Amino acid sequence: MNSIDLPSLAEATPTIRHDWTREEAAAIYHAPFADLMFRAQTIHRQSFDPNAVQCNQLLNVKTGGCAEDCGYCSQSAHHDTALPASKLMDPKKVIEAAKAARDAGATRYCMGAAWREPKDRDMAPVIEMVKGVKALGMEACVTLGMLSDAQAKQLADAGLDYYNHNVDTSEEFYSQVVTTRSYGDRLDTLAKVHDAGIKVCCGGILGLGEKPTDRVEMLRTLANLAQHPESVPINMLIPIEGTPIAATATPVDPIEFVRTIALARIMMPKSDVRLAAGRTAMSDEMQALCFLAGANSIFIGDTLLTTPNPGDSKDRQLFNRLGINARGELGVHVHSHG
């Protein structure tokens, strides 16, 4: 383990960098736990309220039948997961769901469709959804797969605020997870989204069989982009029967997960770090450590796409125990985002 110079941490400022090396990122990740947490919490407090958590709502507007072969995903047409494919939801029903989320305190709404990439004919109903959400006074986010420049511009013109497009893991490990697209394809879409003026939401998944080095490299890739993603969701794998990775997945050590959250906060000090999927398998104590390490955002509701989530009642109890700001219907500072 590498020791970190504590006096320098006390004077740490949230400097935005895009030139992190493998060696320094790894040294931070593997530092003594107390030193790592101190540095992450110090940086976190300089940009965020340490007692506030952003809450995000996510709706699956098109389920299953995806042409990609992501080894963890129940929505891939390549896997036998007994998940029926559905058509794109009626925009009116999506907007009704967004209104319910707004009435529960949400200010941002994310809509996900299980596509490799949207066809041009898909854009009109998606744009209707985006405009409908915006008309409710909410921010809008979508995740649709890869985009063309023209599609990114269409979404920007419709007023889209955020686009979610995760890199999942490191470039070195990526081919062990997905073979139907390249890591470069993901980065290319991120560039198109950024160039269109849409904010980027991009993170990854822990528990795919990756090594700690892969977690470090995933975050280093994001931190070294021309602009840091405005949101960085960190997911813990929920193994789904019928997916290839479920057969070989091993649980992520809780401390290793917390280290990843801390590294994300240190390397991307102004970004929201989202404690995303997998919270049903986390103890309250593990989640508390993640918040202490710099996580300032979660997903609310009973489900995330096709996987379970703790639900508002349980989250409210946790937030009350931790003294998290009591604002909004859930009892926290509420936004809604994917």
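A Cβ is built for glycine as well, from the same backbone N, Cα and C atoms used for every other residue.
The [2Fe-2S] cluster site recorded in Swiss-Prot includes CYS110, CYS141, CYS201, and the single candidate from ARG39, ARG45, ARG274, ARG279 that the record places there is ARG274.
Summarising model confidence by region, the domain 'Radical SAM core' (51-270) averages a pLDDT of 89. In this structure, the C-alpha atom of CYS66 ([4Fe-4S] cluster binding site) lies 21 angstrom from that of CYS201 ([2Fe-2S] cluster binding site).
Local packing around the binding-site residues CYS70, CYS201 was summarised as the count of other Cβ atoms within 10 Å of each Cβ; on this measure the leading residue is CYS201. Sparsest Cβ environment among the binding-site residues CYS66, CYS73, CYS110, CYS141 (other Cβ atoms counted within 10 Å): CYS66.
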